[in-house]
Amino acid sequence: MMEPCDLLIHSAAQVVTCAGPPGPRRGAAMRELGIISDGAVAIRGTTIIAVGPSAELRRRFHPAREINARGRAVCPGLVDCHTHIVYAGDRVAEFEQRCAGATYQEIMAAGGGILRTMRLTRAATTAELVEATLPRLQQMLRLGTTTAEVKTGYGLARDAELRQLAAIGLLAAAQPVELVPTFLPAHAVPPEFAGRADAYIDLVIEEMLPLARDWYRVSSFAARSIPLFADVFCERGAFDVAQSRRVLAAAQALGFSLKAHVDEFAELGGLAMALELGATSVDHLDVTNPVMFPALAVSATVAVLLPLVSLNLGLSHFAAARQMIDAGVAVALSTDANPGSAPSLSLPLTMAIACRYMRMLPAEALLATTVNAAHAIGLGGRVGAIMPGMQADLLVLTEADYRWLMYELGGSPVERVIKRGQVVVGESE
Ligand SMILES: N=CN[C@@H](CCC(=O)O)C(=O)O
Ligand SMILES: [Zn+2]
C-alpha cells in the first residue's frame, strides 16, 4: 500500500541533505553533505517525512502534488544568521566617500554610518519600516534564504528600538521568510549620550531590555519557540568589554539568548567575554588572534563570519575561516546585510566570496549557511537540513550541481523555493 504525502519532489540530480548528527558541524564533518543522487523528498504538511532515491520514494508514496526537479540539485533552504535589514534610507553618499578614501570608522566617528541610519530610522513609522524592509526579504527569498535573523540597532532609544521589534513581528507575519529577532540597542552610542556610554548602558539595562523581553513574551515568536537574542557591538568607538559584558549579562538574566559583534576592527577581548557567558554565536572575528581558536573550538558557540564586509570595505584581510575550521571551530557564514558595511542580501555571493578569499570549500560554505547557521540562531534540528522530522524548507536550484551556488558570481541560482512545504518562489507543479 502506498503512503500518502502532500508533496513529492523527485528526479533531483542531487539531493544535498546536509544530514548528520545533532549539533553544529566541525572539522572534516563540515565537508560531509550526505548527497543522494537521483534523489527525492517527501513532505507532509510543513515537515519532511522521507528522503531517498527517486525510484524508491516514487514506489512508496502517493503524493497529492509532485515537483519534477528535472535533474536540478535540491538543497536545504538557506539560513541568513546575521542581518540588519530593518532600517530607513541608504548610505549611498557615504559609499562615495569611501570610494574617495574615507574609512568606515572615520565616517562613524564623524557622526555618519550607524548614526546616519539611526536618524533616518528614528524618523520612520513602524509601517514605513515594514514597507522599506519587505522588498529586501522578497529578494532574499528569491536568492534562497528561507530563515533570517534580524536585528534592531538603528533606533538607539527606547521607543525607536521597540518600533524596530514591532516591525520585525509584522514582517514575520507578512511574508514567507521565517524571522528570528535580535535586540541590539547597544549598537552605537546615541548622540544624546555622547561621552556617556555607561549612562546609555544603564538605560539599556534598566528600561530597554525588560521592555523587549515583555514584547517577546506575548509575541508570535515565543508562541513558536523561536528565541529572542540580545546582541552588542563590542568595538573601539562603540562599547568596550566591560560595557558589553554588562548588557549581555543583564540580558541573560532576563532570559535572552546571546550574540556579540566582536573583533571586527580591533581585538578588545570581547570574544573571551562572550564565550564565558555562553553566547550562542560570536560574529565577525576578522582580527581574532588564532590563539583564541582552541577555546572557540571546545565551546558550543558558533563563529559567524561575514566576508561581504571585508569585500565591501575594500579590505584585503578576511576572517581566518580555513584555520578556524581546521582547529574544530563551528563556522557559519552570513551576509551581515546592512546599509553600511555590507549592502547585499545574497547568501550565494557570500559563499562565493568565502570560497575565494577565506579558502572554504563549497561543501563547507553550504554547511555554514544551513546547519551551522541554524545553530547560530537557536534553530538547529528544526531547519538547515533535509532530514525526516525537519521543517520542509528546500531549494530547487537552476543547475544539477550544488557547487554552482558558489561558482557563479552574482547570479540567480535558485529556480524554486519551498518554505514549510509550500512553493513560495517559482512554479508550484
Ligand atoms: N558592525 C556593526 N554593525 C554592522 C554594521 C551596521 C552599519 O554599518 O549600519 C555590522 O555588523 O557590520
Ligand atoms: Zn552586524
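Cβ coordinates are placed from backbone N, Cα and C, and glycine is handled just like the others.
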Problem - From D6, D159, D336, D393, the one annotated by TrEMBL with H82, H84, H261 for Zn(2+) - result: D336
Exercise for the section: Name the residue, out of E3, E264, E427, that TrEMBL lists for the same 4-imidazolone-5-propanoate site as R91, Y154, H187, S341, please. Expected result: E264
Fill in the blank from the handout: Taking only the CA atoms, the spacing between E264 (4-imidazolone-5-propanoate binding site) and D336 (Fe(3+) binding site), expressed in whole angstrom, is 12
Fill in the blank from the handout: the domain 'Aminodeoxyfutalosine deaminase/Imidazolonepropionase-like composite' (39-61) resolves under DSSP into 7 helix, 14 strand, 2 coil
Fill in the blank from the handout: Filtered by Cβ distance under 6 Å to ligand 2, the binding-site residues Y154, H187, H261, E264, D336, S341 reduce to H261, D336
Exercise for the section: Return the residues near H261 (Fe(3+) binding site), defined as same-chain residues 6+ apart in sequence whose C-beta is under 8 angstroms from its C-beta, sorted by sequence, else 'none'. Expected result: D231, V232, F233, C234, E235, A238, G270, D283, H284
Practice task
Any same-chain residues 6+ apart from D336 (Fe(3+) binding site) with CB under 8 Å of its CB? Would you list them in sequence order, or say none?
Solution key: H82, T83, H84, D283, L306, L308, V309, A342
